[in-house]
Amino acid sequence: MIHMGFSGLVAFFLIRVFKVVSPAKMTFEIYATCVIPISAFFASSLWFGNTAYLFISVAFIQMLKALMPVATFLMAVICGTDKLRCDLFLNMLLVSSGVVISSYGEIHFNVVGTVYQVTGIFAEALRLVLTQVLLQKKGLTLNPITSLYYIAPCSFVFLFVPWYLLEFPEMEVSQIQFNVWIFFSNALCALALNFSIFLVIGRTGAVTVRVAGVLKDWILIALSTVIFPESIITQLNIIGYVIALCGVVMYNYLKAKDVHSSQIPGDNIIDRSAKDLKMENRSSNLYILDENSNNSLGTKNGRNGSHLEVNVDEEAPLIPSLKGLLSRTKPS
């Protein structure tokens, strides 16, 4: 809640006070159908994800987060931003199998904590997909600052309600050691994280964000075993997570392959050959017309031909000039 409040406040000053960027043309329909659901799922992912730390270890939480590409893919298919394909679906089954094996090898397995974490994962997946829709599909131009300007205050409200109803009555203010610099630096890191997340989603996609976090998960798993000695990692944990990681890497490869294939020009060899043949016939006709013209019109036609040659070269620099085509079709 503090993170969202701080991010929204900074975004407000950057837009309304310092005029760093201009606010987007936000309509009530887009705000109701996109911003509010994104904020609600963002708050839910934070709420359920943080609650899971009370029941299960940090290392096991990072292993469960390997399910994020699976959840994001399923939500993208449901929301219509991705298509259901057999190869991707089998890849998702591989990731899920690895997570199941890793969960089976967990010594301190807790059902409640696992349910909290999985719920937070699916809420985060919905948030990522809806953010991608808001940034790319709705035709709305939002940079990271304007994204936080609209989403962070709404997420603050969604987090304030459960905090006030559930946590605040049990808080003893006298026992809280509130260090301003610790909270400020922590909120500043969260602000930088939110900026980077919205920027990456806008430039790439929702799944790429989760795939790029695989290295971070490995570092967290290694550090958690050092910082928290009670967090024991078994051999079955590692085997299951490696299987899930292989599925994540394969999914990343398939998506990169799709992007590469979509960038190949649409004209195939047959189409290009037909265009070249059409251009050759056109140039031959022009040559015959030039041979049959008389001397009085030849000078005029020559001037017009030069003018046409310049126009062709300027308008279509990748197409051979008319002069070159004439020289190729002219008999020796």
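Glycine is no exception: its Cβ is also placed from the backbone N, Cα and C atoms.
So that you can see what the record holds, here are the features copied from TrEMBL:
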DOMAIN    7-252  domain 'Sugar phosphate transporter'
TRANSMEM  28-48  transmembrane segment
TRANSMEM  54-76  transmembrane segment
TRANSMEM  88-109  transmembrane segment
TRANSMEM  147-166  transmembrane segment
TRANSMEM  178-201  transmembrane segment
TRANSMEM  213-232  transmembrane segment
TRANSMEM  238-254  transmembrane segment
(request) Could you tell me what the rest of the chain brings near the transmembrane segment (213-232), counting residues at least six beyond its ends with Cβ under 8 Å? (result) 57-60, 62-63, 65-66, 68, 107-108, 241, 245, 248-249
(message) Would you say the transmembrane segment (178-201) and the transmembrane segment (147-166) are touching, if the rule is that at least three C-beta pairs must lie under 8 angstroms and be 6 or more residues apart?
(response) yes
